[in-house]
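Have a look at the structure below, then the notes.
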């Protein structure tokens, strides 16, 4: 007689009950890798409560955070890019524009208009990275230029929040021309004695950094923002050297005198208000 008798009936594994979790309930911080309740991040102005990492936000979210409630009047909302070169890489440029409009709900990578910060009138232009990486084409350059010209007309400060991968390659020389165009407009603002405050957020790179983003009377940045011309990976491959820790981050730039200050998102409005009072002698 066998000591152990095999059961004839097969062993059926107990099915585990899978709980379906709705998408977007939790978010992973790319800096500290913590899994955090999404609403907790939103309550903290899209800043990680564990490590202070500043998540990217949309242009409209930033406007709501910085400007007085109900004060913003948008200009040139219907302005759209045109595929004048009939550019095509893996995809036609006109199709990329249509896809970006559908994804972001915007007609291009910048929103600009008039508003107020603690009752101080300002003209503000804000990049939205979700529209083709915040790249600068003819529409972006025109909007920035119009914002500067409106500040001249209103005799008030101009603020630009940058978040861009640089010039838009699909527009070739027309996108590069915007660097000179925006810089020339800011030169006229400077001659008029009106303040221009540049706020660089993650990331601010390429032709945007090489033009108006670095021309502020005060150059501010959010914590850990990537700021530079070429990206760190491209630089390492070119010079074949390992870059220093934190290279091109806002803290590194502040340490080396490239920017004036780093301001956390919850403190941004108060700091801007302070700067505006100093500049406008109020």
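Glycine is treated like the rest: Cβ placed from N, Cα and C.
Remember, it's a predicted structure, so these values are computed and weren't measured experimentally.
Annotated domain 'CoA carboxyltransferase N-terminal' per Swiss-Prot: 25-282, in sequence order, evidence recorded as sequence analysis. The feature zinc finger is assigned by Swiss-Prot to 29-51, with sequence analysis given as support. What Swiss-Prot records for 29, 32, 48, 51 is Zn(2+) binding site.
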Listed in sequence order, residues not in 29, 32, 48, 51 with Cβ within 8 Å of the centre of the Zn(2+) site Cβ atoms: 30, 31, 33, 34, 36, 49, 50, 52, 53
Reported mean pLDDT - the domain 'CoA carboxyltransferase N-terminal' (25-282): 96
